[in-house]
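These come from Swiss-Prot:
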type	residues	note
SITE	E144	site 'Essential for proton translocation'
TOPO_DOM	1-15	topological domain 'Lumenal'
TOPO_DOM	37-58	topological domain 'Cytoplasmic'
TOPO_DOM	80-97	topological domain 'Lumenal'
TOPO_DOM	119-135	topological domain 'Cytoplasmic'
TOPO_DOM	157-164	topological domain 'Lumenal'
TRANSMEM	16-36	transmembrane segment
TRANSMEM	59-79	transmembrane segment
TRANSMEM	98-118	transmembrane segment
TRANSMEM	136-156	transmembrane segment
Amino acid sequence: MTDDLVNEYAPAFAPFFGFAGCAAAMILSSLGAAIGTAKSGIGISGIGTFRPELIMKSLIPVVMSGILAVYGLVVAVLVAGGLSPTEEYTLFNGFMHLAAGLCVGFACLSSGYAIGIVGDVGVRKFMHQPRLFVGIVLILIFAEVLGLYGMIIALILNTRGSGN
């Protein structure tokens with residue numbers, strides 16, 4: 001292979017897209033986790049003054065929101081592991097890592113928004129009707145799975161980008 005061909009497929013700016021994917025995975029998934037935590041926390045603080053014994057059961061949406069940031073962290077670490085200043089990094093790998101970061105980031109962002117809304121309203125209604133607990137948890141699981149789908153696609157993309 002000639003140097004011209006290597007430079008054509010691995011330009012100097014290719015790692016930028018990998019770093020952007022790493023940043024997108026962490027920033028967007030953390031933003032989703034923060035939105036879910038904040039919106040759910042508002043509902044929890046609202047019921048805490050009336051029924052303090054329900055606070056521990058009401059923390060489920062907050063915990064589920066925190067898991068979203070872990071999904072982004074996993075993908076960001078894997079993408080960062082594929083970046084090296086001494087090895088050739090192709091434009092294909094850069095775009096693949098960018099796509100992986102955006103997949104998990106936006107999936108976790110939307111998942112966090114859904115968890116926040118369901119958590120806020122669900123916790124407030126749970127205070128009045130405790131039988132709603134199982135239904136609320138099921139809806140929260142379905143919202144959480146959206147972020148998991150994004151992480152699965154990001155892991156598949158990362159595997160393809162590593163040249164395996």
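Heads up, the Cβ atoms here are built off N, Cα and C, so glycines get one too.
The highest tally of CB pairs under 8 A with the transmembrane segment (98-118), across 16-36, 59-79, 136-156, is held by 16-36. Mapped onto DSSP helix, strand and coil, the topological domain 'Cytoplasmic' (37-58) counts 17 helix, 0 strand, 5 coil. Long-range contacts of the topological domain 'Cytoplasmic' (119-135) within its own chain (CB-CB distance under 8 A, at least 6 residues past either end) are made by residues 36, 39-40, 42-44, 46-47, 50-51, 54, 57-58, 60-62, 64-65.
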